[in-house]
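K.L.:
Here's the feature list from TrEMBL:
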TRANSMEM  A:26-49  transmembrane segment
DOMAIN    A:26-205  domain 'ABC transmembrane type-1'
TRANSMEM  A:61-85  transmembrane segment
TRANSMEM  A:91-111  transmembrane segment
TRANSMEM  A:132-150  transmembrane segment
TRANSMEM  A:156-179  transmembrane segment
TRANSMEM  A:186-208  transmembrane segment
Amino acid sequence: MRKGNRMINESIAYLLLNIDKYYDAVIIHIEISLAAIAVSFMIAVPLGIWCSKNGRISYSVINAFTILRIIPSLAVLVLAMPILGTGFVPALFALTLLAIPPILINTYSGFRNIDPSVLECATGMGMNASRILVGIEIPLAMPLILTGLRTSAAEVIASATLASYIGAGGLGDFIFTGIGMNDVRIVLIGGMSVALLSVLTEISLAAVQHMVTKYQRD
Amino acid sequence: MARTAIEFRNVSKQYANTSQYAVAGVNMRISEGSFITILGTSGSGKTTLLKMVNRIYEATSGEILYFGEHIHNLNLEEYRRKIGYVIQQVGLFPHMTVEENIGTIPQLLKWDTDTIAKRVDALLELVCLSPLDFKKRYPRQLSGGQQQRVGLARAMAADPGIMLMDEPFGAIDAITRQNLQEELIRIQRKLNKTILFVTHDVNEAFKLGEKVVIMHEGTIQQFDTPYGIITKPANGYVARLIETQDIVQRLKVLKAQSVMLPVDPQLSDCAFRVGTEESLHNILTYFLENDQKHVLVEDNRRGIVGKITWEQLKGSTRQGKVLSA
C-alpha cells in the first residue's frame, strides 16, 4: 500500500514538473481522436445508409472495411508512413480506418431494422424521400448508430496512443517515454489519462444515447 | 347525385417477373361518401387494387381518377396528403408520441401549432381515446387496438378526401375488432367519408360495406350492396364465398321488406311491429325470445305494409342456400 501511494505521489510530482508537456499531449490526443471519429462518422454514416438501400453491393463494401480492420493499427501506421509521411495525417488516416467499420455496420443494421410498414405509411402520408430520411429513418437508426460510435470512440482513444510512434504526439509520448526510461511513474500518467479520457467519452456518449432512446422505455 | 371520388378505368397491374396479372382490367366508380369494402382471398388482387390508388404500386395500364383528375397529373406528395392511409401493421412512427404521429400531415401542410393541437385532441376524442391520457405516450406503450385507433386518427388528421384501409383490423382480437368496426361505421356516418376498405373476412365486408367489391384472380366478380350479393350472386365463385358466411350473419344484411308478405292494410293486429329496414337477424331474435309466430312490417308513416312469419324466415334462409348453391 505504502509503495503504491509513494508511486502515485511521485507520478503527480513528475506531472506537476512537466505540466505544459502534459497539457500539450492531452490536447493532441483529444484532437487526433476527435478528428478521426468525426471523419469516420462522416464517411461511415452516408456509406452505411447507401449500403442499406443498395442490397447487392452492401456485402462487398462492409466486408472490405471489416478486412481492413483486421490489419493492426500499428501496421497501418507504419504502412502509411512512406506515402503520408510522419505526424498527424498518417495517424488520422490509420485511426479513421479503424473507426469506420463499427459505425458503418451499425448504420447499415439501424436502417435495415426499420419496420417497412413504418416507411410505407410515411410514403403513403405524402412524405418525400428526404423527409423520410431526416424525420423517420435517421432518428430510428440513431440508437444503433450511436452504439457503433461508442465502440469506435473507445478503440480510437486507446489506439491514438500508438500515434506517438510516428511522431504525432499525444499521451502515447508519456507511455513510450516511460517504457523507454523504465520509469513506471511516467507510464502511469499516460495510461491513467488515456483510461480517464475513454471513460469520460463513454459516459457522455451513453448520456446522448439515453436521450435518443427515450421512446423505447416506459 | 354524389360526385365520383375514385374512378378506375380499365386498370391492370402486372408485377415484374410474373406472367399473371395481379389486377386485370378493373373498371369501377366509387361515389363520394360511400363506404366500399373490397373482399377477396389472398392473391385476389384486392390490396394491389387499393394501393394503386395512392400510387404505392403503379398501375401497368389504365387510368385512375381522383375527383375527375388523372392521379398521374397530380403532385404525388400533395395528392397523398389528401388520402388517409391505414394498414394492418399500423405503422405508427415509434419515436414520436401519439400527438406527433397524428400531427404529421398537418405539420407537412404547415398548419399552425394551435390548430394542430386542437385537431389532435378532437381526433383522439373521435376514436375514443382520452387526449389527456394518450397524447404524450409512445406507440409501444399502447395496446394493438389503441395503436390502430391512433392510426385511424392519424389518417384522418388533415380531413382527407378518401380513406384507404388495408385490413386495418386484421391483427386485432375479435372483441376489440368488433368495437373498432362499430366505431368505424359510426365515424363514417358522422363524417360521411369515402372509404375503401380491404378485407378477407366475409362478415366484416358485409357488416361495414354499403357496397362490396368481390375480387378474384385480379378481376371484379361482383360490385353490389350486401343485399344484392346475397340475393343475386353474380356467379358460382361469389355464391361459394357467401356460403362461407353463416346463416345468422346473412340474416343481418337481409331486410324485412325483402321477405315480407303482403297483408290487408286495414288489418288491426296487436302483433309486434318492425320497420321495413329492420334486419331479419333482429326479427329472428325476437321470434326466439318471444313465443310469437309473426311480426308486422310498417313503413315510416306507421302504415302496415306486410308481415313476416316464422315459417317465412326459415324459408328465406333456405332460399339463400338455394340461391348460392
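Placement of Cβ uses the backbone N, Cα and C atoms for every residue, glycine included.
Unlike curated records, TrEMBL annotations are generated automatically.
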K.L.:
Give residue numbers and ranges for long-range contacts of the transmembrane segment (A:186-208): same chain, 6 or more residues beyond its ends, CB-CB under 8 A.
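P.N.:
Same-chain contacts beyond the flanks: 7-8, 11, 14-15, 22, 25-26, 29-30, 33, 146, 149-150, 153-154, 157-158, 160-161, 171-175, 177-179.
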K.L.:
Need a quick answer: max count of Cβ pairs under 8 Å to the transmembrane segment (A:91-111), which of A:26-49, A:61-85, A:132-150 is it?
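P.N.:
Per the Cβ under 8 Å count, A:26-49.
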K.L.:
Same-chain Cβ contacts of the transmembrane segment (A:26-49) under 8 Å, 6 or more residues past its ends?
P.N.:
61, 88, 91-92, 95-101, 103-108, 110-111, 133, 137, 145, 148-149, 152-153, 156-157, 160-161, 163, 168-172, 193-194, 197
